[in-house]
């Protein structure tokens with residue numbers, strides 16, 4: 001039990017497909033509050049270090065949504081992947097405006113480090129997901145720090161794509177369910193790839209898998225704009241598989257249908 005040496009409080013532990021689905025709480029330095037995260041340890045973790053797959057959830061979610069609704073455990077168990085799912089924002093600050101809207105404040109951290117008052121002292125989800133959480137996971141659990149991948153849903157996929165693109169080489173693969181590729185939030189195109197990845201194209205080796213429901217209301221409303229990231233990847237010769245799934249919406253029913261494909265995608269690049 002590596003985690004007992006760290007300042008982690010175990011909230012729950014449930015056996016699932018031979019492994020353990022756990023939830024922990026800790027005091028976050030970046031976010032200045034108590035944060036929960038979920039971690040699935042496959043049976044393989046009892047005898048060796050496992051590759052780690054990070055899942056970033058969408059607006060209004062907590063660490064619970066993915067672990068209770070997506071049905072990922074069987075595939076993760078079979079491939080020997082540890083899966084980490086953090087919460088989506090700091091909690092309990094009671095900042096003005098924090099709880100007034102579903103798409104801003106609590107549950108809507110967007111995986112960025114904010115620069116404006118009153119948010120900038122604690123809404124630092126990018127640094128939390130990129131630095132603090134992986135360091136905590138690597139020190140507390142039997143995972144291989146050299147084998148990490150990242151995926152997510154909607155706002156979480158905006159986060160996953162930004163984390164992967166801004167840090168070439170850190171993640172072995174990235175995948176997305178209905179990512180927000182809106183240029184206001186994320187200026188896809190030349191600026192992103194040259195600004196984030198630099199000019200050394202050998203560092204751009206990153207295979208991307210994106211699933212998008214064709215009947216997703218956010219797609220129909222122009223909130224997601226996946227064509228932007230497809231065009232940018234195509235121009236820079238970054239391998240991308242984009243699948244428009246007939247009849248599927250933005251929900252966890254959609255995620256549950258295709259999550260095994262995504263686990264396999266990551267397992268391939270993680271040598272799992």
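Even glycines carry a Cβ here, placed using N, Cα and C.
What TrEMBL annotates here:
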{"type": "ACT_SITE", "residues": "154", "note": "active site, charge relay system"}
{"type": "ACT_SITE", "residues": "216", "note": "active site, charge relay system"}
{"type": "ACT_SITE", "residues": "250", "note": "active site, charge relay system"}
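The distance from the Cα of residue 154 (active site, charge relay system) to the Cα of residue 250 (active site, charge relay system) comes to 8 Å. Residues within less than 8 Å, Cβ to Cβ, of residue 250 (active site, charge relay system) and separated from it by at least 6 positions along the same chain comprise 154, 178, 213, 216, 217, 218, 219.
Residue 216 (active site, charge relay system) counts 21 other C-beta atoms within 10 Å of its own C-beta, drawing on all protein chains shown.
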